[in-house]
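Notes follow the structure.
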Amino acid sequence: MQASTFTVKGNIGFGLQNRRIIQGVGDLHSRTLARQSIRMTERSSCFGVRMDSASMGIELGRARRTVQSVFGSSAKSRSHRVRASGEDIEDAAPLKVQGQSSASVLPYVGVACLGAILFGYHLGVVNGALEYLAKDLGIAENTVIQGWIVSTVLAGAFVGSFTGGALADKFGRTKTFILDAIPLAVGAFLCTTAQSVQAMIIGRLLTGIGIGISSAIVPLYISEISPTEIRGTLGTVNQLFICIGILVALVAGLPLSGNPSWWRTMFGIALIPSVLLALGMAFSPESPRWLYQQGRISEAETSIKRLYGKERVAEVMGDLEAASQGSSEPDAGWLDLFSSRYRKVVSIGAAMFLLQQLAGINAVVYYSTAVFRSAGISSDVAASALVGAANVFGTTVASSLMDKQGRKSLLLISFTGMAASMMLLSLSFTWKVLTPYSGTLAVLGTVLYVLSFSLGAGPVPALLLPEIFASRIRAKAVALSLGMHWITNFFIGLYFLSVVTKFGISTVYMGFAAVCLLAVMYIAGNVVETKGRSLEEIERELSPAI
């Protein structure tokens, strides 16, 4: 059960997506006139804004200015072809804008990452603490109740993932973060002071709701404030911070052997980032996209100024105007997600998390201890450290490749590697010729699987989803997709051991390999590449106005 909790750790890349700074053609005066005309007379078209004969036509060219990445790498600027009003626009020459560095968004990204840290910490903290809290609460012999303490957080996360989308649409991204800090802090406090099983379960449920909300809004917020050129990098940083949260939880458990009551302090530690998250978001800028969608134009301009500098307000506002689906179009409801306009893109989002979970990441890490013991590695700590190291290493590599290699290609490489690793694991248990090397091959297969997962299947879905969803459905669609993640995760944890008992681990692993190959075919035929494209461009292609 403890291992099962550890498996959830890296499954969601929740996320950080960053947004491209779009450069338009024309001076500030013409853009201002265009905005005024749009507000009075615009009609939405499939790929941009079309105005009547009394208004100026706006053709927005875009130039990609590659900014210095968070790893200090330099890149060259490139022009980019976009589509407007159903017709191709010629590539625009790059415009050199004297603006502040994209590093200006990093403090706000860092604040949002506190949500990712808490996500990982609350999933991982129970691993080391469960044995000791079970003794203190008098349930050392009751594995069923221990299982409820472990899994209640998943039920809460399922609820929170849907709640997060609705709150983010209604109150905005930053206020939702502040609200999210309440269940995270209260839940941590209840777990810390629990004198009964009931109090512990309620605390775990509240923290689950908190991390469920975080799983929805961390990638959402980051995708809407970050430059396109490093959006992929920051997306994998979210996954990295989830892993860091789990690592912190494991390290926090080290004093347990000498101090059995230390488990209360472990839960109490989570109060610190919860408070910092609320305070940090109180001073962070709201998403310009959300503000613009709410008709709060002046506030959107102020937010853009804080994020990118005042000299970029006109060009970013111009892009938001071009991407607008029409001022009279209402906010999307839940049923709109299943309309003909959005059905396909929403199904892709749900399928990505479904395939991620059915590919076997939870099962592999759950069974990793037994696999490592068969190879002579008896220490659970060593096994967890090896798996964790592979996960962190793969995520770090993915961070450097996301904006170079691309999302789709990394997904294909990742699921292909996972399929090969699963086959290796399955054969190591069944082929007699490999019996002398079965332990070594099993360890190798497990590490390669986790490494392959962390290269794409882990971080990319939570990065890709906010990129492909239209702005008016983004929060709800992300929440729906994450709901698919949590419910699939729950049922895998519930039935995995029963399936293994009935069919054998080798057969189950071969089934996971088949799912990975199915994922490769699905991704090749349905997923679009979003590397180097602004959120507005992607929206115009995938969710054109009707």
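One-based numbering along the chain as shown.
Heads up, the Cβ atoms here are built off N, Cα and C, so glycines get one too.
Curation does not apply to TrEMBL; its annotations are automatic.
Copied from TrEMBL, the annotated features are:
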{"type": "TRANSMEM", "residues": "105-125", "note": "transmembrane segment"}
{"type": "DOMAIN", "residues": "108-531", "note": "domain 'Major facilitator superfamily (MFS) profile'"}
{"type": "TRANSMEM", "residues": "145-165", "note": "transmembrane segment"}
{"type": "TRANSMEM", "residues": "177-195", "note": "transmembrane segment"}
{"type": "TRANSMEM", "residues": "201-222", "note": "transmembrane segment"}
{"type": "TRANSMEM", "residues": "234-256", "note": "transmembrane segment"}
{"type": "TRANSMEM", "residues": "262-283", "note": "transmembrane segment"}
{"type": "TRANSMEM", "residues": "345-369", "note": "transmembrane segment"}
{"type": "TRANSMEM", "residues": "381-402", "note": "transmembrane segment"}
{"type": "TRANSMEM", "residues": "409-429", "note": "transmembrane segment"}
{"type": "TRANSMEM", "residues": "441-465", "note": "transmembrane segment"}
{"type": "TRANSMEM", "residues": "477-497", "note": "transmembrane segment"}
{"type": "TRANSMEM", "residues": "503-524", "note": "transmembrane segment"}
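Within the same chain, the transmembrane segment (201-222) stays apart from the transmembrane segment (345-369): fewer than three Cβ pairs sit under 8 Å, each pair at least 6 residues apart. Long-range contacts of the transmembrane segment (409-429) within the same chain: residues 355, 359-360, 364, 371, 398, 401-402, 437-438, 441-442, 444-446, 448-449, 451-453, 455-458, 460, 505-507, 509-510, 512-513, 516-517, 519-520, 523-524, 527, 529, each at least 6 residues beyond the stretch ends and with a Cβ under 8 Å from a Cβ of the stretch.
Tallying C-beta pairs under 8 angstroms between the transmembrane segment (441-465) and each of 105-125, 234-256, 262-283, 477-497 places 234-256 first. Within the same chain, residues 112, 115, 118, 122, 133, 137, 160, 164, 167, 171, 202-211, 213-214, 217, 221, 264-265, 267-268, 270-271, 274-275, 277-278, 281-282, 284 sit at least 6 positions outside the transmembrane segment (177-195) and bring their C-beta atoms closer than 8 Å to a C-beta of that stretch. For the transmembrane segment (262-283), the residues of the chain that approach it from at least six positions outside its boundaries are 111-112, 114-115, 117-118, 121-122, 125, 128-129, 132-133, 136, 174-175, 177-178, 180-181, 184-185, 188-189, 191-193, 203, 207, 210, 248-249, 252-253, 255-256, judged by C-beta separation under 8 angstroms. With Cβ pairs under 8 Å as the measure, the transmembrane segment (345-369) is packed most heavily against 503-524, out of 105-125, 145-165, 234-256, 503-524. Across the candidate stretches 105-125, 477-497, 503-524, the maximum count of CB pairs under 8 A to the transmembrane segment (234-256) is reached by 105-125. Counting same-chain residues at least six beyond the ends of the transmembrane segment (145-165), those with a Cβ under 8 angstroms from any Cβ of the stretch are 1-2, 4-5, 8, 122-123, 126, 130, 133-134, 139, 176, 180, 183, 197, 200-201, 204-217, 475-480, 482-483, 485-487, 489-490, 493.
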